[in-house]
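Heads up: the structure comes next, in structure tokens.
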Amino acid sequence: MQETGVRNGAYGADKFGLKNLKGVKWNLTAPHLYEDALRAGEGVLSGDGSLCVDTGIFTGRSPKDKYTVRDANTENTMWWGGNQSITAEQFENLYQDFLKHAEGMSLFAQDLYGGADPSFQIKTRVFTEMAWHSLFIRTLLRRPETAELASFVPELTIIDLASFRADPARHGCKSENVVAIDFTRKIVLIGGTQYAGEMKKSVFTTLNYYLPDKGVLPMHCSANVGPDGDTAIFFGLSGTGKTTLSADPNRTLIGDDEHGWGKDGVFNFEGGCYAKCIKLSAEAEPEIFAASNRFGAILENCVLDPITRKPDFNDGSKTENTRSAYPLESIPNASPTGRAGQPKNVVMLAADAFGVMPPIAKLSPAQAMYHFLSGYTAKVAGTERGVTEPTPVFSTCFGSPFLPRDPSVYGNMLRELIAKHGVDCWLVNTGWTGGMYGTGHRMPIKVTRALLTAALDGSLRNVEFKTDPYFGFAVPTALPGVPSEILDPVKTWADKAAFDTTARKLVAMFQKNFTQFEAQVDAEVRAAQPEAKLAAE
């Protein structure tokens with residue numbers, strides 16, 4: 001077997017059971033992986049030097065094909081209401097079949113860290129069949145110093161074989177595509193898909209399982225910090241604006257998607273960003289645009305001009321879920337440490353497909369826990385298979401697909417941290433205004449940015465608020481530089497009766513969804529939900 005690259009010679013591929021390989025390329029850097037990917041026909045270069053790839057039939061995650069081993073360790077610790085199980089025997093069959101499938105292959109291996117805080121990071125080794133997958137995970141996780149690689153011993157091992165096809169009868173899955181996690185053995189198997197996001201979300205799911213026991217709240221959020229050291233957290237599902245809104249030229253970016261919150265503050269799980277780039281423009285998102293159009297970036301499923309090889313970010317013909325992966329250092333004001341102090345503000349982003357929520361509202365601590373557990377947003381087109389237009393959904397903790405433990409574990413931790421550190425909480429609608437999806441339009445990003453700036457610099461605390469008659473949270477009545485009518489959603493609708501009907505419908509949806517959590521929260525949180533009389537009238 002031919003091996004190249006820097007590695008721990010005493011802890012190689014054989015420790016994972018891989019044998020009869022043609023070779024392993026260890027910890028290659030971006031130039032090497034570009035060359036390997038291009039030689040293998042995995043992608044092409046854009047006119048600006050990005051590596052452009054297609055992910056095939058899977059242009060998003062496939063949560064229905066994700067499984068966790070149910071054993072003595074996970075039986076009573078997993079949230080089985082939100083996760084699918086397979087037996088240890090089925091996983092072992094899958095594992096052995098992965099090893100067999102890999103025989104004769106030349107694999108790529110990366111040794112990386114999940115987590116910027118050394119006290120809580122997980123050492124992760126990722127084997128991939130495709131060169132661009134190796135570049136992707138190297139870009140998205142945190143890279144050790146070269147000197148650390150010689151003694152690197154992984155705690156978590158991932159093997160991603162895109163050409164593998166699972167056997168539902170033998171492996172306990174539903175299709176040929178599979179993502180299987182064994183928390184006891186700390187192994188993740190990914191097969192049948194070229195969508196690289198499955199790798200990063202498997203690391204996230206693993207950290208979500210282990211960190212609560214260490215006193216750290218894992219979060220599906222972005223984070224940044226102001227010049228005065230004021231940290232802000234942005235919760236939200238894919239496509240709601242986490243990446244866009246945290247990339248603020250006046251604030252230091254901690255990270256765009258996954259963080260932990262513990263006794264010393266906030267830390268990024270990752271070393272890169274994975275931004276949606278449909279309709280990306282230099283005018284609206286200059287930092288992300290520049291980071292996406294340079295050497296080292298990976299563009300997924302973007303359409304290129306056949307002559308200039310420039311990407312057309314407005315073309316969603318392959319998928320609405322076009323993506324750009326780039327290292328954090330491509331953002332000029334990104335934090336090199338990936339760490340910051342205790343948050344001063346928590347922002348919950350909701351892409352309200354009904355168009356009845358205000359662009360910003362202030363939440364009490366009880367309301368914050370209520371909306372965190374509710375996780376209202378819209379599944380935005382193309383983020384997951386089978387979703388072609390925004391659909392209103394409730395995704396608890398703004399990340400239901402990634403929660404291995406009961407949502408109340410994360411909800412209670414959030415409430416305790418908010419109370420302990422006196423954090424201000426805000427709900428921000430990045431979805432629709434002037435009507436529901438199909439008749440209204442997306443909230444202007446300039447309005448959202450202006451409101452967020454006012455919230456984060458403290459000036460929004462000094463304006464007049466009124467109580468929203470449907471949802472009960474506090475809504476500002478005016479803010480300099482923002483049209484006052486957009487602050488009150490009913491004023492943006494031509495048909496006021498239709499607004500009232502739609503708002504009551506959404507209130508009822510909130511109430512129905514929250515019944516699953518009522519037994520796990522106290523009276524104060526139960527009282528924070530939209531008032532029942534509005535839906536009943």
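Just so it is clear, glycine is given a Cβ too, placed from its N, Cα and C backbone atoms.
Source: prediction; values computed, not measured.
The annotation substrate binding site is assigned in Swiss-Prot to ARG61, TYR195, LYS201, ARG323 on the grounds of sequence analysis. All chains included, 25 other C-beta atoms sit within 10 angstroms of the C-beta of TYR195 (substrate binding site).
Its own atom aside, the Cβ of SER238 (ATP binding site) has 27 Cβ atoms within 10 angstroms in the protein chains shown. In the three-state DSSP scheme, SER238 (ATP binding site) falls into the coil class. Annotation comment: Swiss-Prot describes LYS201, HIS220, GLY236, LEU237, SER238, GLY239, THR240, GLY241, LYS242, THR243, THR244, GLU285, ARG323, THR448 as ATP binding site.
What Swiss-Prot lists as Mn(2+) binding site is LYS201, HIS220, ASP257, and the listing cites sequence analysis. Taking the Cβ of HIS220 (Mn(2+) binding site) as reference, residues of its chain lying under 8 Å away and at least six apart in sequence are, in sequence order, PHE204, PHE235, GLY236, LEU237, ASP257, GLU258, CYS397, PHE398, GLY399, PHE402. DSSP assigns HIS220 (Mn(2+) binding site) to a strand.
The feature compositional bias 'Basic and acidic residues' is assigned by Swiss-Prot to 312-321.
Sorting the region 'Disordered' (312-339) by DSSP state (H, G, I as helix; E, B as strand; all else coil) yields 3 helix, 8 strand, 17 coil. The region 'Disordered' annotation in Swiss-Prot covers 312-339.
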Fewest neighbouring Cβ atoms within 10 Å: which of the binding-site residues ARG61, LYS201, LYS242, ARG323?
ARG61
Excluding LYS201, HIS220, ASP257 themselves, which residues in that chain have a Cβ inside 8 Å of the centre of the Cβ atoms defining the Mn(2+) site?
LYS200, PHE204, SER238, GLU258, GLY399, PHE402
Of the binding-site residues ARG61, TYR195, LYS201, ARG323, which one has its Cα closest to the Cα of THR240 (ATP binding site)?
ARG323
Residues within 8 Å of the ARG61, TYR195, LYS201, ARG323 Cβ centre (excluding the substrate site residues themselves):
GLY60, ALA196, GLY197, GLU198, LYS200, TYR274, ASN321
Could you tell me the C-alpha distance between SER238 (ATP binding site) and ARG61 (substrate binding site) in angstrom, no decimals?
11
Students should find that the Cα atoms of ARG61 (substrate binding site) and LYS242 (ATP binding site) sit apart, in Å rounded to an integer, by 18
When the Cα-Cα distance from THR244 (ATP binding site) is computed for each of the binding-site residues TYR195, LYS201, ARG323, which gives the smallest value?
ARG323
